[in-house]
Every structure is written in structure tokens, then in C-alpha cells.
Amino acid sequence: MANAPRQVKVIPFQHPSAFTSSSSSTSIGFTAKWRGNLNRMSFLEWMELLFPCFRWIRTYKWREYLQVDLMAGITVGVMLVPQAMSYAKLAGLHPIYGLYSGFVPIFMYAIFGSSRQLAIGPVALVSLLVSNVLGSIVHSSDDLYTELAILLALMVGILECIMGLLRLGWLIRFISHSVISGFTTASAIVIALSQAKYFLGYSIVRSSKIIPLAKSIIAGASQFSWPPFVMGTLILAVLLIMKHLGKSSKRLRFLRAAGPLTAVVLGTVFVKIFHPSSISVVGEIPQGLPKFSVPKDFDHVKSLIPTAMLITGVAILESVGIAKALAAKNGYELDPNQELFGLGVANICGSFFSAYPTTGSFSRSAVNHESGAKTGLSGITMGVIMCCALLFMTPLFEEIPQCALAAIVVSAVMGLVDYDEAIFLWHVDKKDFLLWTITSITTLFLGIEIGVLVGVGSSLAFVIHESANPHIAVLGRLPGTTVYRNVEQYPEAYTYNGIVVVRIDAPIYFANISYIKDRLREFELNIDRSTKRGPEVERIYFVIIEMAPVTYIDSSAVQALKDLYQEYTSRNIQIAIANPNREVLLTLSRSGVLELIGKEWYFVRVHDAVQVCLQHVQKMNDASKGGDVTPKKQSGFLQRILKEKSQSELNPEKEPLIAQDV
């Protein structure tokens, strides 16, 4: 009995026939559950779904929240008035359209938006996109320019609403943070250079590329004027000092929000007193609220579609990202799709009241959060401040120097130059640093639109490359355990002669199956004998594939597995599958791979597969040495192996690994 084969205890593997019908009922069950949830919703729940503002209105703590919401709203509202005029000038529009864009959209977002701290309105990046695209269609002094900007707001709003209703907010996941950082850094530099004309006192070319801007600045150097340069520089210095003090001290944080208003007041007072002829001012601003009007000139819709899509993408990147971060800090959940819908409604309604595209502002949202805003009431307060400015304060804005508004824009975008992120990426991940560099360089030299496309394309290319070249590990057994881990990570793990265990750490589909097959062939040929144990054989007889990390397998991969099985069979190698999940096992069963490989070669654990294969290797080793082994039953696979060895056929006894009836 000394030579009797050792009994191998394995966990019986469940056949997929027990749950093959469940997949068809999954979608039915999901639909029924969805309908049931809708039917069970109360009136208040319906109101919260349609009007997210009800979520904070119902639970509003008046004593605790009212004062901080009002103070935050007033603070950001005072900050928004001069910024809105500055960004309108950046967009090539009259400053009044910046004020209009900070009026109606704020109220609409407070009703339909889900973030309680996000401050929406005109922003620098969207303003530059509007200027860059519309400037190539019509001159900014033409009335058509303004009409197209308003039409663009309507198109952006419709796109955002469609994406929100179709729940496409998940698309942001495919754009890496390094791409966003590189894009905003380059855009900030371009925006700052575009404002140089107000500092230098002469016109420069309108462009989103750094080379034409630099050439234009150098070419007009002979027209340089000292007064606007000195005033703009001094105001910019005041803004930066106030911003720094506001960030460094909690007691002085009001200075950060008061900076733009201070710049406007200082510039206006100087102009009122000295009346310098070389410093240009804003000029006449219409008084009163915007009138209702439907956007016109739909003939240009086709040419504006790419820009509308680009601005929508920027809105997703900027607004949703900021809103999610603020929601996490304030302890409530935010639905990105509801957020997109709220932004869309704000832009659509804004376009009926002469607003150009708006989105969430990073700087104003940060100030709103730091000021203690708890609910959307702070946003309504901002809208009231803007309403008062339109009704009563526009005559005061006529003497604001253009260089003061330019200083506000430059001060705002300087915070977007994220060189710290580049240094961090260089030390942490060279691939992400490469993405950051590619995006920033293409945005600087080829323009914002191409920069976005190249950045997003590069990000997707990296995703595709990682997916098409998944990590595949050779597993070894940790000493004293039945646990199998990557031998590169755990050098003490040992493997067995004649057996290779691999783990595929990704779904298997058409894009990566060729790479997986090539790696499996490498593992079969490149055998490291330094950590091998068990019977000494000269080649691989078993390839065990652990499929625990494999969440999905498609038809192309199934066909490739069949080809791989035939290839292994021709070389007398048997495949064994360990721990496939439910969906993968169903696919293998339906495609016939389960029967092709053999139901007895599917295992619950890697250790079960190794022990069974090890017994086969031991038997073959004994047979090759002339040992007397009597098989209990025959196996075609072992027949081929032992025929190659010119020995008798054999097969060890073992418990059934899988039910034989399908």
C-alpha cells in the first residue's frame, strides 16, 4: 500500500446549470424593482427628485444656518459682480452680459442643482473658449457676436440636460486628473497673456495659442503705455496680497473675497480723481434687469456644436468635480447626473435672459465653502446681490478701468497654474507626468480645442494600453499555507515542476487576448527552477489559470481559449481553470469551453487544482522510472502523455470536482 496514490480532498465545483436562467431574469427583476420604487415614492420624495432644493428646505435649521448662509452669499456676491464683468470682457462681450450671466442662472441652479456650496456664473476658461471660437466667426463688435454667445448658452444647456437625463455623468471617469491639471495650467497662462493688452495699453491679436500672443505683444512694444501698466500692476499686487492673507489666516479670510471689490473701488476712485486719458474705462452700462428673449441666428448651430460639446465637457470636469469634493467635505451625497441637469436648466433659462454659458467657479465655490455656506440659500443671496447691482449700481461701474478688470482675471487664473501637481506626478508616476506635459504643451502651442482633444485622447490611449496589456502573474505557494501569491512580490513562494499557475488581473476580451496568449507561452517556455518543488520533470504538463480577478470574458476571448486549448493539446499540456466567477462560468458553459476543457478540470481553489495536477505529475514521473502503477480509469490526456513516455496508462483516484450531468 506504500505506493497507493494519496487521496486528494477538493471542494466540489458547482455546475452552472443551476443558475443559467438567472441572467435573463436579472433585467426583468431590475425593471420591476425600479418601477416598484417609483410607485412607492411619496409626494415629498417626488418633489425632492424634481426640485433638489426641497432636500435642504425641508430640513433647514434657521437658527444655525441662516446667518452663515446670508454672510456667505453676500461675500461671494460682492466678489461675483466685478468678476462677472471681467470675464465678460475676456469673452469679448460687453460687461453687462457678465452681470446678466450671474443673475438668472444662479436662481435656476439654486432650485435644480444638487450642490449646496457650488457658486455658478461666468468663469475664465469658458469665457476664453467663447472668445476664441466666436472671434473666428464674426468680429466682437458685431451684434451677431453677442447673439451667438447667447445661443451657445442654450446649446450647452440642452447638451447638459440630455447628459443628465441619460445619466452620462460617468464619462468624467475616463479623463485623468493629470490631464485636467495640465489643461487648466496651460489655459491659465493663455488667459493671462490675453489680458496683457489692458496692462500694456495697446491691442494684441485674439488667440488661444501662446506663440501668436507672444509675437503680437513683442510687435506692439513701441506703443507701450506706462499709466495702465503701473495701475494694473499695483492692483494685481493688491489682489495677490489680499488673496494670500485670506488663505493664510482664518481671521483674515474675508480679504480673499473682498479683493475684486477693492480692486474696482481703487481703480474707480483713481480715475474719478485724476481722469487719466491713457487709461481706458468700461463705459456706459445699461441699468435694469435683462428682458426675456429667445436666442436667434440658429443658422450657426452646426458650426457651434463642437464648441458647445467642448464647453459641456469643461463644465463636467470643473463643476461636477468641485461639487463632489464640496459635498464630501460637508457630509452629503451628490448625484453627478442631477448636477448636470441643474447646470443645463441654469444655462437654458439664462439664455432667455441674455446670458452666455456659465458653470461652477472654483475660486467662488471655495470662498463660499470657507465662508460657511450650508445650503443653496447662499446662492439665492448671490442672485439678490446681482439683482441689486443691475437695478441700482450700474452707473457706478462706468468709470472702472479696464486694467483693473484685467488684474482681477489674472489674479483668478494664477491659482490654476498647478506646477505643484507636475512636481508631484514626476516623483510618483512618470506616465501621469507625461500626460500632464502632453496636454499642457499642446494646449499652449496648438490651442485650447486641440489641447482638450489631445489630452482626452492621450488619457483614453493610456486606458486602452493598460487594458490591452493587463498584468499577468505567476503564482507560487507561500510556505506553510495553501495561499498562492505572485512570486515576484513574494520571492519565498515556491512553484512545482511540470505545473505553472498564472493569474490574469483583468477582464479578458478581444483587445487583450493576444497579449494574454503570448504571455502564457512565455511562462510555459521560461521556467525558473530555483524555486521548484515536486517530481523532477523537464517540461510543463499543466497550466492552471486563476480567474478570480477576471470579471468578464467576451466571444473573441472564448474563441482564443479554444484555440489555446487545441494548441496545448497538440503539445500534451492540459489547461485547468480555478475560481471563475458566475458570469465568466456561464459564458464558458454556453460557448462549449466547459465541455471542451473537461468539467473535471474546473476547481474552486488554486490549491485544489495544484494538488490534483501534482498527483498526475507524480504518477508520470513514477511511470517514467518504471514504477508499477495500476490505473483505476483511463484519461485521453494521460494516454497522450504516457504514450510519449512509452509507459502504461494511469489516472489517480479523486473525488468528483464537478457534477457530470449538465
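FYI, residue positions are counted from 1 along the chain as it appears here.
Note: Cβ is positioned from N, Cα and C throughout, glycine not excepted.
What TrEMBL says about this protein:
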DOMAIN    489-613  domain 'STAS'
TRANSMEM  65-85  transmembrane segment
TRANSMEM  91-112  transmembrane segment
TRANSMEM  119-138  transmembrane segment
TRANSMEM  144-166  transmembrane segment
TRANSMEM  178-204  transmembrane segment
TRANSMEM  224-242  transmembrane segment
TRANSMEM  254-274  transmembrane segment
TRANSMEM  304-327  transmembrane segment
TRANSMEM  339-356  transmembrane segment
TRANSMEM  376-397  transmembrane segment
TRANSMEM  404-427  transmembrane segment
TRANSMEM  433-456  transmembrane segment
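Same-chain neighbours of the transmembrane segment (404-427): 82-83, 85-87, 89-90, 95, 124, 178, 181-182, 184-185, 187-189, 191-192, 195, 198-199, 231-232, 235-236, 239-240, 243, 259-260, 263-264, 266-268, 282, 362-363, 433, 436-437, counting only residues six or more beyond its ends whose CB sits under 8 Å from a CB of the stretch. Away from its own ends, the transmembrane segment (433-456) comes close to residues 128-129, 132-133, 174-176, 178-179, 181-183, 185-187, 189-190, 207-211, 306-307, 310, 313-314, 421-422, 425-426, 462 of its chain (Cβ-Cβ under 8 Å, at least six residues beyond either end). Counted over residue pairs 6 or more apart, the CB atoms of the transmembrane segment (178-204) and the transmembrane segment (119-138) come under 8 Å in at least three pairs, which marks the two as touching.
Contact between the transmembrane segment (119-138) and the transmembrane segment (224-242) is not supported: fewer than 3 Cβ pairs lie under 8 Å, counting only residues 6 or more apart in sequence.
Taking Cβ pairs closer than 8 Å, the transmembrane segment (65-85) reaches residues 95-96, 98-99, 101-102, 119, 121-122, 254, 257-261, 263-264, 282, 361, 364, 367-368, 371-375, 377-386, 389, 393, 397, 400, 404-405, 408, 412 in its own chain, all 6 or more past its ends. Only pairs six or more apart in sequence are counted, and the transmembrane segment (91-112) with the transmembrane segment (339-356) gives three or more Cβ pairs under 8 Å, enough to call it a contact.
This prediction places the mean pLDDT of the domain 'STAS' (489-613) at 85. Remote same-chain residues near the transmembrane segment (254-274) are listed as 75-76, 78-79, 81-83, 86, 231, 235, 238-239, 242-243, 245-247, 281, 367, 370-371, 396-397, 399-401, 403-405, 407-408, 411 (criterion: CB distance under 8 Å, separation of at least six residues from the stretch ends). Here the domain 'STAS' (489-613) is broken down by DSSP into helix, strand and coil counts: 58 helix, 25 strand, 42 coil.
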